[in-house]
Amino acid sequence: MELSPAPPRAGSGQTPLQKGPPLFSSSSSCGRSLRGFLEEEDGVTVEQHIGNIFMFSKVANAILFFRLDIRMGLLYLTLCIVFLMTCKPPLYMGPEYIKYFSDKTIDEELDRDKRVTWIVEFFANWSNECQSFAPIFADLSLKYNCSGLHFGKVDVGRYTDVSTRYKVSTSPLTKQLPTLILFQGGTETMRRPQIDKKGRAVSWTFSEENVIREFNLNELYQKAKKQAKPREEEPPGGQATTGHPDGEAKKDK
């Protein structure tokens with residue numbers, strides 16, 4: 001016989017128990033909440049948190065090895081340097097509508113037509129953050145490139161005078177790589193990350209959503225599409241290309 005709960009007594013002030021949502025969410029919800037918390041804190045992604053943890057662990061290991069035996073510490077430090085020099089992050093070689101600049105072409109291209117809006121990424125091949133952002137920037141170029149809105153890249157690790165001219169630090173400890181700069185009428189109108197009064201980069205997450213929102217890409221794209229300007233040569237966004245860091249855009253067959 002199945003027993004049912006007794007009804008509340010009259011005047012007792014008790015109310016029947018009702019079913020409600022569970023007190024604790026599932027483990028997947030907890031994982032999403034943790035990931036969201038990590039990404040919202042100072043604009044740092046989960047991948048950057050993990051990278052920082054590995055970096056601190058390497059430094060701690062080096063200190064322990066030096067305290068144990070200076071020869072083991074030197075050997076460990078040498079292996080870390082060799083690993084960093086030989087195991088570079090892979091370069092993105094997928095389709096994109098991006099013009100690669102050199103130190104001699106960037107100013108000329110930006111001033112060629114004042115009606116064209118440019119979004120230029122200042123990057124360095126040795127930067128893990130730049131390599132992580134490369135496929136995101138390429139995807140944005142595929143979605144938003146048009147006759148009045150172009151995407152460009154310049155390797156400030158290779159062209160150091162460009163980094164000096166546009167005030168983008170290339171120090172190994174810099175937080176300014178990558179840097180996105182919006183040029184309208186050949187003049188810089190905004191950049192991310194921003195630089196505070198002390199010359200330090202303000203933390204900013206380089207995600208596709210943030211770039212679209214901060215740079216108003218949807219609005220820029222609609223305005224650029226309405227611009228009808230004559231062309232004597234094929235536009236840079238005429239065909240999908242694969243990245244070519246030597247300053248030329250190689251067409252994707």
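Going from the start of the chain as shown, residues are counted 1 onward.
Note: Cβ is positioned from N, Cα and C throughout, glycine not excepted.
According to TrEMBL, the region 'Disordered' annotation covers 1-28 (among others).
Annotated transmembrane segment per TrEMBL: 74-93, in sequence order.
The annotation domain 'Thioredoxin' is assigned in TrEMBL to 92-230. Summarised as a single figure, the pLDDT of the domain 'Thioredoxin' (92-230) averages 92.
Annotation comment: TrEMBL describes 223-253 (among others) as region 'Disordered'.
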For the domain 'Thioredoxin' (92-230), residues assigned helix / strand / coil by DSSP: 45 helix, 35 strand, 59 coil
